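S.K.: Dropping the structure in here first, questions after.
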Amino acid sequence: MATPSTGANNSIPAVRNQVEVQVGLVGDAQVGKTSLMVKYVQNIYDKEYTQTLGVNFLKRKVSIRSTDIIFSIMDLGGQREFINMLPIATVGSSVIIFLFDLTRPETLSSIKEWYRQAYGLNDSAIPILVGTKYDLLIDLDPEYQEQISRTSMKYAQVMNAPLIFCSTAKSINIQKIFKIALAKIFNLTLTIPEINEIGDPLLIYKHLGGQQHRHHNKSQDRKSHNIRKPSSSPSSKAPSPGVNT
């Protein structure tokens, strides 16, 4: 007696889970937040982006085994008049990416204030520190390259944040930023090689001087580099980004 066929038409399709993950992009104006978002989601680069007015967002789906991950990426305009919209990009975000322009050291100094205000709104988000425009950095004086690299390493250590130098113009480390974000959120093992040589596009995510999610001696580390823990009330009045404290 023939055995009934169990062809493909009779198979039950695998059930896929879907998870939406919010990622906030914050930093000074014209550091490359929109450029990073559009490059990652649409693989498009345009050096003539206009400044973001308020908050922009795009979505991208990635798949891990039987799960579809929807990245909902929030891009906050860096002008001071949009600081009241900071909660849109930070509250509910699993990851907050702090961006600075590698060719403008003042934008790295501003990270102190961005971090203070963002952390006051969402102290459970995973921080990632990203230096943009690496393709322009390599044309600058080697002494400056070393200075900005070492200073950004100190910031990343205090924040206990992965540090990544990227270039949207040259497609350097763009995908890796979000792979690292995904791995940090879901505690996945990463095999991406780290890059920690001065002059190269830094990519450091393992040896951060503490446990994941900044759950180490936070108050002591912030004090040593002037990155302070915010007051317990997120609504308390704080200096605008760009004001060094």
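Cβ atoms here come from the backbone N, Cα and C positions, even for glycine.
Grabbed the feature section from Swiss-Prot, which reads as follows:
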type: REGION; residues: 16-244; note: region 'Small GTPase-like'
type: BINDING; residues: 27-34, 75-79, 132-135; note: GTP binding site
type: REGION; residues: 210-245; note: region 'Disordered'
type: COMPBIAS; residues: 229-245; note: compositional bias 'Low complexity'
S.K.: In the three-state scheme derived from DSSP, which category covers Y134 (GTP binding site)?
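M.R.: In three-state terms, Y134 (GTP binding site) counts as helix.
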S.K.: Limited to the region 'Small GTPase-like' (16-244), I'd like the whole-number average of pLDDT.
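M.R.: Averaging the confidence scores along the region 'Small GTPase-like' (16-244) gives 83.
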S.K.: Quick one: give me the count of other CB atoms within 10 A of the CB of K33 (GTP binding site).
M.R.: 29
S.K.: Kindly assign K33 (GTP binding site) to one of the three DSSP-derived states: helix, strand or coil.
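M.R.: K33 (GTP binding site) sits in a helix per DSSP.
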S.K.: Tell me which of the binding-site residues Q30, Y134 sits in the most Cβ-dense spot, judged by other Cβ atoms within 10 Å.
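M.R.: Max Cβ neighbours within 10 Å, all protein chains included: Y134.
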